[in-house]
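For reference, the structure is listed below as structure tokens.
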Amino acid sequence: MKNSADITVLGAGSYGTALAISLASNGHKTLLWGHDPAHMQTLAQDKCNQAFLPGIAFPECLHIEADLAKALAASNNVLVVVPSHVFGSVLAQAKPLLRQDARIVWATKGLEPETGRLLQDVARDVLGEQYPLAVLSGPTFAKELAMGLPTAISVAGTCPKFTAELVELLHSPKRLRVYANDDFIGLQLGGAVKNVIAIGAGMSDGIGFGANARTALITRGLVELTRLGEALGASTATFMGMAGLGDLVLTCTDNQSRNRRFGLALGKGCDVDTAQAEIGQVVEGYRNTKEVFTLAKRMGVEMPITEQIYQVLYQGKAPLDAAKELLSREKKSETPAQ
């Protein structure tokens, strides 16, 4: 079946819209679909996403499509950019409408709610083994990507041909550099764990601990990510790249990050509900914390920072008490004996 569009993007929030803008700015005919018909009508009329990316006009190659069936019929390349807690339900909605030659890539960062399973497992459960799968991950703020500021990300998947073609489709010499990676598991993990650590970095700064503490937390957070990744069969090299260290540093140090701002509010004394309300958009790290904590327990992996953040978010522990517990942990070597 011939494509009438180069790619269809499912998810018209800030990040989905930003990726659609980037693709269309590169000359690719891009369809953008979202679940709210009224929102999609507004996007079509305004030719920008005023709610999430105000003032950034849509390129001519970006088209709004409110009908999911038409959106999925237009292209075999489907980019899913929705919150992790609705990832499975969106795939289930799309499944009967997918083309036989469809290929699925997602930029969703997170794990399955409650179970902590990787999104690849959710996708396979919903879609079966028929479709090639891939994931995008890396240090990207939606606004900067949409504005065309230089950005770099990584892509990995189940099919090398699909991965290579995604690199070509997404890459733009002026705005977006895309690195191929063969670590499908590592890219998925990095995007979830960094959200958790960013909340911790925000809490540390909100308490007033300063740059030394923030840097220590980021560094030990990277250790936790690597430890979990190794247990799941990921490559440690991945966590030194865009989807690991890159995304972790970005999200932990810049206030464009909702997760960091959420942590800041908690560190300054807000309760969880008030802090979430202040952000006004989905704080992926809130759910990610429970997901990562669940996965770590199931795998028997020690993640003390993640555990303390979990206790703050879900058990009412004070951020300062969590910090004190981390600081009072038993002394240990940074380079354990092999």
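A Cβ is built for glycine as well, from the same backbone N, Cα and C atoms used for every other residue.
These numbers come from a predicted model, not from an experiment.
Around K194 (active site, proton acceptor), the same-chain residues six or more apart in sequence whose CB sits under 8 Å from its CB are K109, G221, L225, G244, D247, L248, T251, C252, listed in sequence order. Sequence annotations record features per position, and here Swiss-Prot assigns active site, proton acceptor to K194.
According to DSSP, H35 (NADPH binding site) is assigned to coil rather than to any helix or strand. Take the CB of H35 (NADPH binding site) and look out to 10 A: across all protein chains shown you find 16 other CB atoms. The NADPH binding site annotation in Swiss-Prot covers S14, Y15, H35, K109, A142, R258, V282, E284 and is backed by sequence analysis.
DSSP classifies D247 (sn-glycerol 3-phosphate binding site) as helix under the three-state reduction. Residues annotated as sn-glycerol 3-phosphate binding site in Swiss-Prot: K109, G138, T140, K194, D247, S257, R258, N259.
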Legend entry - Farthest-apart CA atoms of S14, Y15, H35, K109, A142, R258, V282, E284, residues recorded for NADPH, distance in Å: 22
Inset, instruction - Measuring Cα to Cα, tell me the gap between S14 (NADPH binding site) and T140 (sn-glycerol 3-phosphate binding site) in whole angstrom. - result: 11
Inset, instruction - Give the residue from the binding-site residues A142, V282 that has the most other Cβ atoms within 10 Å of its Cβ, counting over every protein chain displayed. - result: A142
Inset, instruction - Select one residue from K109, R258: among these binding-site residues, choose the one with the most other Cβ atoms within 10 Å of its Cβ. - result: K109
Inset, instruction - Measuring C-alpha to C-alpha, could you say which of the binding-site residues G138, T140, N259 are within 10 Å of E284 (NADPH binding site)? - result: N259
Legend entry - Whole-number Å value of the largest CA-CA distance among K109, G138, T140, K194, D247, S257, R258, N259, listed as sn-glycerol 3-phosphate-binding: 16
